[in-house]
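Reading through the structure tokens given below for one structure.
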Amino acid sequence: MYFPVARPRRLRSSATMRRLVRENYLRVDDLIYPIFVTCGRDVQEPIESMPGIYRLSIDRLLAEVALVQSLGIPGILLFGIPDSKDAVGSGAYADDGIIQQTVSIVKDKYPDLLVITDVCLCEYTDHGHCGVVQEGKVLNDPTLELLARTAVSHARSGADIIAPSDMMDGRVRAIRESLDSAGFTDTPIMSYSVKYASAFYGPFREAAGSAPQFGDRKSYQMDPPNIREALREVEQDIAEGADMLIVKPAMAYLDVVASVRENFDGPLAVYNVSGEYAMLKAAAQLGWIDERKTTLELLTGMKRAGADIIITYHALDVVRWLNEEV
Ligand code: PBG
């Protein structure tokens with residue numbers, strides 16, 4: 001009679017045994033909740049392809065932030081939808097811009113909540129690109145100054161962490177230098193170091209009205225088949241002074257997360273983007289998958305791949321589910 005020497009099943013025999021040998025956990029401390037803020041009062045517009053997510057005016061956003069705070073989620077990531085756009089995205093760096101107003105009100109009411117601001121021009125430009133455009137081209141260096149101005153104005157309104165998502169070369173350094181000279185030496189940069197030109201941003205662009213009016217973002221966001229290039233982006237951002245890094249999107253890029261993890265010891269975030277959220281919600285609404293189980297499995301997979309932090313539209317649901325589990 002042959003007996004297997006190794007019997008991995010021994011350690012799977014009961015829920016308590018599995019709990020004892022579990023290697024990775026999803027925790028409320030890992031989560032960041034993205035929120036879209038829009039102008040006006042008493043606005044709560046549903047985003048069709050993102051059930052449960054809304055464009056909120058500042059007054060409504062405060063109620064949402066109260067919920068985030070009561071659930072113990074450490075931070076929010078803010079995206080602004082301005083009421084007017086122009087060629088150079090001046091709403092992004094206006095002292096009374098939508099983000100600047102929101103940050104100062106939120107920080108005033110909730111000083112302990114981490115307010116992270118997305119620094120980019122695409123929500124503020126009439127052409128929808130993330131930088132200054134000339135003859136159909138997105139110009140790198142002239143964009144840096146505008147991004148740096150945006151970052152400083154966010155810090156001035158009280159932002160705790162600056163998250164540049166534009167993918168221009170050298171922006172981390174430009175932002176770091178401007179923050180430092182403006183006296184914000186202690187404001188960290190969480191850089192979207194590895195951001196792919198992904199089709200999974202579709203629902204976000206609908207939400208933020210930020211789809212490019214011509215062409216695409218492939219000349220600045222990364223080409224999805226590449227991974228070695230991701231490590232070069234990471235190296236560069238660390239050298240330029242990034243404190244934390246983001247890989248985005250999540251689901252199709254967990255190999256990239258694992259690889260960045262091996263090459264970077266600092267805090268690593270993954271962005272579980274709008275299209276990923278939409279897919280799960282749609283399948284769940286059709287009754288084709290179990291939303292709770294699939295979402296928790298996916299996000300735990302992001303932790304297992306090496307992410308410390310998960311930026312996700314599922315954050316509120318996840319915390320409720322985690323609280324039910326114990
Ligand atoms: C701004 C930005 C985008 C996202 C985050 N910041 C859109 C884009 O790059 O087109 C996408 C987030 C999501 O899909 O949830 N540049």
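Note that Cβ sites are derived from N, Cα and C of the backbone, with glycine treated the same way.
Fair warning: this is a prediction, and the values are worked out from it, not measured in the lab.
In the three-state DSSP classification, K195 (active site, schiff-base intermediate with substrate) falls within a strand. Positions annotated as active site, schiff-base intermediate with substrate by TrEMBL: K195 (among others).
The active site, schiff-base intermediate with substrate feature in TrEMBL is assigned to K248 (among others). Non-local neighbourhood of K248 (active site, schiff-base intermediate with substrate): S165, Y192, V194, K195, Y196, S198, V270, Y271, V273, each in the same chain, at least six residues away, with C-beta under 8 Å from its C-beta. Under DSSP, K248 (active site, schiff-base intermediate with substrate) is assigned to a strand (E or B) in the three-state scheme.
With a cut-off of 8 Å between CB atoms and residues at least 6 apart in sequence, the same chain places G89, G128, H129, C130, D166, A208, S210, P212 near C122 (Zn(2+) binding site), listed in sequence order. Residues annotated as Zn(2+) binding site in TrEMBL: C120, C122, C130.
Per TrEMBL, the feature 5-aminolevulinate 1 binding site maps to R205, R217. Sequence-distant neighbours of R217 (5-aminolevulinate 1 binding site) (same chain, 6+ residues apart, CB-CB distance under 8 A): H129, C130, M167, A197.
Under the three-state DSSP scheme, E233 (Mg(2+) binding site) falls in the helix class. Residues or ranges marked as Mg(2+) binding site in TrEMBL: E233.
Annotation source TrEMBL lists 5-aminolevulinate 2 binding site at S274, Y313. Other Cβ atoms within 10 Å of the Cβ of Y313 (5-aminolevulinate 2 binding site) number 26 in total over all chains. The DSSP secondary structure for Y313 (5-aminolevulinate 2 binding site) is coil.
Residues from the recorded positions list (C122, C130, K195, K248, Y313) with a C-beta closer than 6 Å to any atom of ligand 1: C122, C130.
Residue environment of E233 (Mg(2+) binding site) contains 21 other Cβ atoms, counted within 10 Å of its Cβ in all protein chains. For R205 (5-aminolevulinate 1 binding site), the binding-site residues whose C-alpha atoms fall inside a 10 Å radius of its own C-alpha are S274, out of C120, E233, S274, Y313. In the three-state DSSP reading, R205 (5-aminolevulinate 1 binding site) counts as helix. Local packing around the Cβ, expressed as the count of other Cβ atoms within 10 angstroms, is greatest for K195 among the recorded positions K195, R205.
Counting every protein chain shown, the number of other Cβ atoms lying within 10 Å of the Cβ of C120 (Zn(2+) binding site) is 28.
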